[in-house]
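J.: Pulled the feature table from Swiss-Prot, pasting it below:
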REGION    1-82  region 'Disordered'
COMPBIAS  7-27  compositional bias 'Polar residues'
COMPBIAS  28-37  compositional bias 'Low complexity'
COMPBIAS  39-61  compositional bias 'Polar residues'
COMPBIAS  62-80  compositional bias 'Low complexity'
DOMAIN    109-446  domain 'Protein kinase'
BINDING   115, 116, 117, 118, 119, 120, 121, 122, 123, 138  ATP binding site
ACT_SITE  234  active site, proton acceptor
REGION    310-329  region 'Disordered'
């Protein structure tokens, strides 16, 4: 397996440079018109990099004291810095305990249930003592991390979580250390993950309408990550968790890559002009909502009656010009894609690996758009497109076999076209290679989606309430990520021939 190299990504062909955090906050806040309540994981085998990777930070530089300094973390993980969670009572509960006891530790939590086990830690459902506030706590054995050279990966995940403030990304409430463990206190999603939810659907696949809902929310989360210079590298249904309100949240950032990125605003072509791209639709103009506060004062039915797709009456339609084209004022497009990032790491899940990772050619942000295509394919068809008889066969299928669609179920041409545009083996020809999520949002598959109000849409399914108080506490904390819990060890492959 190849060791990773420190990537430096940049976006140099911008017409107007903007502050990363400022613009990311604008896009994130455009989804906060409603404030639905929001409260880990099974997994396929991952391929992990052999060594630790150096990563440039877009949030703040790492220091050696970060591993054990909770006060440093708490200054970043607070409701003040995360407006999407500003009214969350869990912030107040955490702060009350911290103020009363001078800090936060494992003894302040009651571990109720093991939710899942990943490569670097075990996730538990935990209750903050005496508060009825529930969290997902990721517990990592520091000795095991050090022996397996995973300390930097754990640190990178924590730093990424500290940076995030988005409706479809996790909230890190706190981080603390014990003599043996490193713990991340995050929000709990009682709806499980999309993999489990898909298994319960007829035919073990989602309808196209349901799939569109989920991938739209994932796309907005990925767009935000790329704005921050974060390449996710681990998108799959197991890592998309379902909140209690039915909306989703990405999880598991231990394979993510951090790089530098420049944000820019570029002028888009007039939608009524002859030079319009065939894949562009009216929703490409949606970023105007970021700049127009009037969007917030829409009629309540637009948000809470909720419709995912717009349905306009004849009198609501936009006026046409003399030649019959709609009058649409050219509006700026947000471009935030770390196109210059490069890594030689061999990481990911076999069925989701992009060809450039397998071939060891070095990869950048385009790998996320490949996995986005695989993700959509799996939601629609109930399986991934290149799965072979074994892991090795799967990898060779990804590199050498063409994309094929099954005869059943029947999906729309737009859905197949989007998947086909994303699953292009040459990354430079892949949809979203240059302009990221902006290109995908303009694809006809998403025609009619009001991107600013996705958060207000009705989810396809609302999880059944879970009686958390009836759960018995976990007697002991297991040695997270130790060899004793790595039951899928045989599924981990190392490749020295790519």
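Quick reminder: no glycine exception, Cβ is built from N, Cα and C everywhere.
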J.: How many whole Å apart are the CA atoms of residue 119 (ATP binding site) and residue 234 (active site, proton acceptor)?
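T.: Distance (Cα to Cα, whole Å): 12 Å.
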J.: To the nearest Å, how far is the Cα of residue 115 (ATP binding site) from the Cα of residue 234 (active site, proton acceptor)?
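T.: Pair distance, Cα basis, whole Å: 19 Å.
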J.: Compute the C-alpha separation of residue 234 (active site, proton acceptor) from residue 123 (ATP binding site), stating it in Å without decimals.
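T.: Between the alpha carbons of residue 234 (active site, proton acceptor) and residue 123 (ATP binding site) there are 17 Å.
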J.: Looking only at DSSP and grouping its letters into three states, which state does residue 123 (ATP binding site) belong to?
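T.: It is in a strand.
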J.: For residue 123 (ATP binding site), list the number of other Cβ atoms lying within 10 Å of its Cβ atom.
T.: 23
J.: For the recorded positions 119, 234, work out the Cβ neighbour count at 10 Å and name the residue with the minimum.
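T.: Selected from the recorded positions 119, 234 on minimum Cβ neighbours within 10 Å: 119.
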J.: Does DSSP give residue 115 (ATP binding site) helix, strand or coil?
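T.: Reduced to three states, the DSSP call for residue 115 (ATP binding site) is strand.
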J.: Taking the Cβ of residue 121 (ATP binding site) as the centre, count every other Cβ atom within 10 Å, in any protein chain shown.
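T.: Other Cβ atoms found within 10 Å: 27.
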J.: Max CA to CA distance in Å over the ATP-binding set 115, 116, 117, 118, 119, 120, 121, 122, 123, 138?
T.: 14
